[in-house]
Amino acid sequence: MASENPDVAVAPVVDNGGAESSNGKEEQLESELSKKLEITDVNEDGKEENDEEEGSKAEASTKKKKKKNKSKKKKELPQQTDPPSIPVAQLFPSGEFPEGEIQQYKDDNLWRTTSEEKREMERLEKPMYNSVRQAAEVHRQVRKYIRSIVKPGMLMTDICETLEDTVRKLIQENGLQAGIAFPTGCSLNWVAAHWTPNSGDKTVLQYDDVMKLDFGTHIDGHIIDCAFTVAFNPMFDPLLAASREATYTGIKEAGIDVRLCDIGAAIQEVMESYEVEINGKVFQVKSIRNLNGHSIGPYQIHAGKSVPIVKGGEQTKMEEGEFYAIETFGSTGKGYVREDLECSHYMKNFDVGHVPLRLPRAKQLLATINKNFSTLAFCRRYLDRIGETKYLMALKNLCDAGIVQPYPPLCDVKGSYVSQFEHTILLRPTCKEVVSKGDDY
């Protein structure tokens, strides 16, 4: 027995070949197909909606990426302007300033390179090293700019004031914490050192002049003392090369436990291997025997040790942690300097105690010097700039009392030419760092 299915009609048996039965099957197939088509339509609609959602998500993500890219562009490090005006600290937002040129120790000091103990000592000194490197970066950027603008016909006063104003901007001058370390020396021709124009000086730089530009920067009293020579006439090129290569030799020879006299002998040998022809006459370049490099201390440009530039100097040794200004002077004259011309450089004696002063004006000037310069060198133009007037008698009184030391210009024979190059080096526990080294020299 079979049960009845209410959805299926029972057709009577006829002789027409089952036409009615086949029609019912066709209707059933059509209804099933239509249902399947509806399902596929729904799926496709869903897919389209999903595709649209995914497309909108992709667009949103690309927009986010664009925003991220824009934000990355905004975070790019600022570039220095021309002329320089952005403080160096803003160009290095991480607070880490570029390391100088590294030179390895040699011979008996090779072990220092890999010593863990010495590396730890360096790590402890990192903040101080960073201050020195900031001052060095200011020096590099300022001298690059000055070298690009100096030309014959410029007033020496304009050269110095442009240089000093640029230093003040880039180092963010702040009392005794950051600023200029000593007056800008721009000694010409036979004047070897310690000349800068006093107010009202009308000296003009000439095409045939040999100018030594010696200026310093400091952060927290950590001084960069670095100098170079400018000459427009190519006949002076061998003279400049002599002092430049002699300075490089001095730097190469310097190191912990090295005797100062050995450095002087090496410098002299290189310096005096050069000759220069000036207006048809040949001169052997001579090391100036009474000028020296020197050790540097905090707020102390001359810290006690001298680095000779001729043989026969002191047997004293260089020591770990010391700073040195390695500088050499090559001359076509006698190779010996004497004090001459009007004084412009002065410096308070580092170890001076209390000295009673009778002149009230001298007491007032000393207070100004203590506040603005302490034991850093200064010049008359700097006193003029901070508003001091009619101070020459008081300044002489301070010099006579031994509180302030005058540093008159140092000159070889008139008509001769002197060149100078100088770098500041640091004798780190593991290596020697030429902190003021740049792409220029």
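Each position is counted from 1, following the chain as shown.
Yeah, the Cβs are placed from backbone N, Cα and C, and that goes for glycine too.
Copied over from TrEMBL, here are the features:
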type	residues	note
REGION	1-93	region 'Disordered'
COMPBIAS	23-39	compositional bias 'Basic and acidic residues'
COMPBIAS	41-54	compositional bias 'Acidic residues'
COMPBIAS	63-75	compositional bias 'Basic residues'
DOMAIN	132-330	domain 'Peptidase M24'
BINDING	His194, His302	substrate binding site
BINDING	Asp214, Asp225, Glu422	divalent metal cation 1 binding site
BINDING	Asp225, His294, Glu327, Glu422	divalent metal cation 2 binding site
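Among the binding-site residues listed (His194, His294, His302), His294 has its Cα nearest to the Cα of Glu422 (divalent metal cation 1 binding site). Checking each of the binding-site residues (His194, Asp214, His302) against His294 (divalent metal cation 2 binding site), the C-alpha distance stays within 10 Å for His302. Put simply, His194 (substrate binding site) is 9 Å from Asp214 (divalent metal cation 1 binding site) when counted between their Cα atoms. Mean pLDDT for the domain 'Peptidase M24' (132-330) in this predicted model: 98. Close to the recorded divalent metal cation 2 site, the chain also has Asp214, Cys226, Ala227, Gly293, Ile296, Tyr324, Ala325, Ile326, His423, Thr424: residues not among Asp225, His294, Glu327, Glu422 whose Cβ is within 8 Å of the site's Cβ mean position. If you count neighbouring Cβ atoms within 10 Å for each of the binding-site residues His194, His294, His302, the highest count belongs to His194. Shown in sequence order, Gly185, Phe215, Gly216, Cys226, Ala227, Ala325, Glu327, Gln420, Thr424 are the same-chain residues outside Asp214, Asp225, Glu422 whose Cβ sits within 8 Å of the Cβ centre of the divalent metal cation 1 site. Between the C-alpha atoms of Glu327 (divalent metal cation 2 binding site) and Asp225 (divalent metal cation 1 binding site), the distance comes to 9 Å. Asp214 (divalent metal cation 1 binding site) is surrounded by 26 other CB atoms, counting those within 10 A of its CB over all protein chains shown. Here the binding-site residues are Asp225, Glu327, Glu422, and the one whose Cβ sees the fewest other Cβ atoms within 10 Å is Glu422. Taking only the Cα positions, the spacing between His194 (substrate binding site) and Asp225 (divalent metal cation 1 binding site) is 13 angstrom. Secondary structure from DSSP puts Asp214 (divalent metal cation 1 binding site) in a beta strand. Comparing His302 (substrate binding site) with Asp225 (divalent metal cation 1 binding site), their Cα atoms are 10 Å apart once rounded.
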